[in-house]
Amino acid sequence: MDDAPGASDEAREPLLKRVGASVEGTSLMNHRLMKNPKFRALLVESLMALTTFSFMAKQTEGLAGPELSTLNDCGEAGCGFTKFYQFKGVVGVYAGFWAYTVILIAMYVIRKAPPPGTEFASYALFTAAMATFVVMSITECASVVLSSDYYVCKNADYSLVSLIFAAATIVLNCLTCAFAWRQWGELKFVGLPKTLSALTETYPG
């Protein structure tokens with residue numbers, strides 16, 4: 001009976017060591033993950049995308065239409081973002097990209113990150129869509145209404161802030177694309193269609 005406590009302590013020691021090793025391993029993995037520049041960029045991109053579509057979605061009034069009929073439809077308060085397909089496109093694309101970044105962050109955390117080629121392709125497609133709608137939105141924002149000192153986004157602060165974050169996200173995405181391309185190149189562009197392989201040999205990047 002007297003040996004039972006000692007035997008119990010001896011039995012616990014291996015378990016405590018395993019738990020300690022597991023906690024230490026998890027801490028080390030998280031430390032390495034946070035030192036990964038691509039992962040840190042991903043966190044920032046996720047936050048910026050969330051800010052972009054949230055601010056644009058908050059623009060429920062204040063926008064002016066370039067046509068008198070639009071002004072009459074919206075009244076003195078002005079139009080919401082839903083009256084403009086360009087702004088709706090920004091909300092849709094950036095909301096989709098934010099969802100993608102959340103999934104990607106989870107995959108990094110569980111150490112199931114996609115290959116660089118997949119990341120590059122997805123980032124390139126999202127960035128192209130972002131750039132298209134942001135350019136159209138900026139053009140629409142700057143459109144003159146009635147007089148030269150009155151433009152579509154003059155009283156639309158949320159939209160202006162949204163487009164600033166949208167442009168910054170595109171810049172960061174381009175840097176991530178370049179980083180993913182370099183990683184893919186180190187893997188000899190595995191998975192790239194043969195028709196494009198000649199381009200990578202000529203222009204390795």
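Heads up, residue numbers simply count up from 1 along the chain you see.
Glycine is treated like the rest: Cβ placed from N, Cα and C.
Considering the side of the membrane named for each residue in Swiss-Prot, S159 and K188 do not coincide. Through the fold, the transmembrane segment (125-145) approaches residues 64-66, 71, 84, 86-87, 89-90, 93-94, 96-97, 100, 151-153, 156, 159-160, 163, 166-167, 169-170, 173-174, 177 of its own chain, all at least 6 residues removed from its boundaries and within a Cβ separation under 8 Å. Residues belonging to the topological domain 'Extracellular' (146-159) score a mean pLDDT of 86 in the model.
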